[in-house]
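Each remark here refers to the structure printed beneath this line.
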Amino acid sequence: MGLCWGSPSDSPPTTTPSSTGNISSGTFKSSNNTTTTGTSRGSNISSKSGFSVASGEDAYPDGHLYVKSDVYGFGVVLAEILTGLHALDPTRPTGQHNLTEWIKPHLSERRKLRSIMDPRLEGKYPFKSAFRVAQLALKCLGPEPKNRPSMKEVVESLELIEAANEKPLERRTTRASPSIRQQQGHYRPQQLSSFRPRHTVSRAH
């Protein structure tokens, strides 16, 4: 599932599905280069990349930013990508204003995850990869910063997800297809055994 993240500079960032494929760190791009900051609890912080990050007790409990705060922010990004929704939206029904708080219980169960996936994808995405990304997002959104993975671990996890989902059909096709020499009739497979049956000569009586 490849998703592009692009929006005009005068509007909040939105997620739009571009194609089905792999979920990885290389599938994100942004055209919103504005920077805004929020100081109140529950405010919305947009970095230069255009990715919105929810600020609040779970993200920054003492008001300071740490490396693991970036990990939390990336977890928010993953949640937005999976659902196609903004991190904070007061127009959503009660209990769903804060995306991460709303979907956390859905990230650990396959059936629940299907119910919150971006409907614009129309189910055309590798669900196994989506579920693994959801598990990664859940780790990034952990309440204790010390228990969250490092960004290096996050990138490694995404690379593993991408590798597991990368063209398995092509690998099988390559193994099954004959070589060019075989197709041209110039290749004869070697006999697996050195045993050769004897030729018996019948004698005339």
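Positions of Cβ are set from backbone N, Cα and C atoms, glycine also.
For 16-47, the entry in TrEMBL reads compositional bias 'Low complexity'.
The compositional bias 'Polar residues' annotation in TrEMBL covers 175-194.
The compositional bias 'Basic residues' annotation in TrEMBL covers 196-205.
If you look up TrEMBL, you'll see 62-158 marked as domain 'Serine-threonine/tyrosine-protein kinase catalytic'. The average pLDDT computed for the domain 'Serine-threonine/tyrosine-protein kinase catalytic' (62-158) is 91.
The region 'Disordered' annotation in TrEMBL covers 1-53 (among others).
Taken from TrEMBL, the feature region 'Disordered' applies to 165-205 (among others).
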Per DSSP, the domain 'Serine-threonine/tyrosine-protein kinase catalytic' (62-158) contains 61 helix, 2 strand, 34 coil
